[in-house]
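As given in Swiss-Prot:
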REGION    1-182  region 'Large ATPase domain (RuvB-L)'
BINDING   LEU21, ARG22, GLY63, LYS66, THR67, THR68, GLU129, ASP130, TYR131, ARG172, TYR182, ARG219  ATP binding site
BINDING   THR67  Mg(2+) binding site
REGION    183-253  region 'Small ATPAse domain (RuvB-S)'
REGION    256-350  region 'Head domain (RuvB-H)'
BINDING   ARG311, ARG316  DNA binding site
Amino acid sequence: MEDRIVTPLNIRGDAESEYSLRPKSLKEYIGQRKVKEKLKIFIEAAKNRKEALDHVLFYGPPGLGKTTLANIIALEMGGNLKITSGPAIERAGDLAAILTGLDDRDVLFIDEIHRLNRSVEEILYPAMEDYALDIVIGKGASTKSIRLDLPRFTLIGATTRVGLLTAPLRDRFGVLCPMDFYDQEELSEIVVRSCNILKIRIEPEASVEIGKRSRGTPRIANRLLKRVRDYSEVKGNGTIDLKTSKAALELLEVDKEGFDSIDNKILRAIIDNFNGGPVGIETLAYFIGEELDTIEDVYEPYLLQKGFIIRTPRGRIASDSAYKHFNKTRKSSNAYHKNLKQSSLFDGEV
């Protein structure tokens, strides 16, 4: 799964290219208009007051620019960026060491913050609220707590599973930023910007085609661009035109919807093996041989956003769009419309 060309997760070779293509300011940053508007106002206000920016939570599918925005915030605030992740902070002492190493206006970015263990998370509460670190020393009757002052820093949390955050942690973030999939026009613009930086010649129709198949995700758009560039240099004349881009994407097995073999495997399983659904997510994960979390975090968000699957109280069902994608006809529409009606009442995850 790590080497899947359309995965929104980081794979080998992404880090170097993402660094060179990463925008350095909100003005350069394409997409996420509402998030940018919020950040622009709050950053300017914090700078005018000579204060640290309030703590920020980014949540949404992977690959949408959370780390890039964290880097921009650090640059705008004139501080350094320290990057870590929830699973990497195993003990309270690990987090204490990070916090005491920060300076005023520095930004601490914790990816997968929903995976912090509870003892580590509790260290964050006074750090976020009071810029203080409570340390317990001694044992038994001689136990006492010492409070250390911390620099005025900004914590930025990122998560793909905001529902897994505890309420006490979530409530301590002053700026909440939901991240949405990018539209085709934004992705095409990102492709053109990347081409300018990498000195790649591309025709407008080709940038649209690559953007259309990028699953609403800039990371995927840039990854596809690099592979289409390779194809163009070997099979074409070095300029990416529409014909070349389509041929390259077909070779990569990325179809017009941005689906690859695994997406199609999921949809075919629901349609062919479970009569269009509903099928429980655990059953579906077992059937196609993938981890439950991988289905929910990586594959499902885009299929839901595209309207190819629908969540209901009884499980996932394939939509009419999914059937049309495979030129198939639903055997019975009565059960589908009944489940579809129930889905409007669905208020949780199955």
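Backbone N, Cα and C define each Cβ position, glycine as well.
Distribution of Swiss-Prot features across the structure.
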residue: LEU21; record: ATP binding site; DSSP class: helix
residue: GLY63; record: ATP binding site; DSSP class: coil
residue: GLU129; record: ATP binding site; DSSP class: helix
residue: TYR182; record: ATP binding site; DSSP class: coil
residue: ARG311; record: DNA binding site; DSSP class: strand
residue: ARG316; record: DNA binding site; DSSP class: strand
Just checking a number: largest C-alpha distance across LEU21, ARG22, GLY63, LYS66, THR67, THR68, GLU129, ASP130, TYR131, ARG172, TYR182, ARG219 for the ATP site, rounded to a whole Å. 37
List, in sequence order, the same-chain residues at least six positions removed whose CB sits under 8 Å from that of TYR131 (ATP binding site)? ASP149, LEU150, PRO151, ARG152, PHE153
In this predicted model, what is the average pLDDT of the region 'Large ATPase domain (RuvB-L)' (1-182)? 91
Sorted by position, what residues of the same chain at least six away from THR67 (ATP binding site) have a C-beta under 8 A from it? ILE83, PHE109, ASP111, ALA158
Which whole-number value in Å describes the distance between the Cα atoms of GLY63 (ATP binding site) and ARG311 (DNA binding site)? 23
Specify the count of other C-beta atoms within 10 Å of the C-beta of GLY63 (ATP binding site). 29
With helix taken as DSSP H, G or I, strand as E or B and everything else coil, how many residues of the region 'Head domain (RuvB-H)' (256-350) land in each class? 52 helix, 9 strand, 34 coil
Hey, what's the Cβ neighbour count for TYR182 (ATP binding site) at 10 Å? 25
Quick one: pull the CA-CA distance for ARG311 (DNA binding site) versus GLU129 (ATP binding site), whole Å only. 38
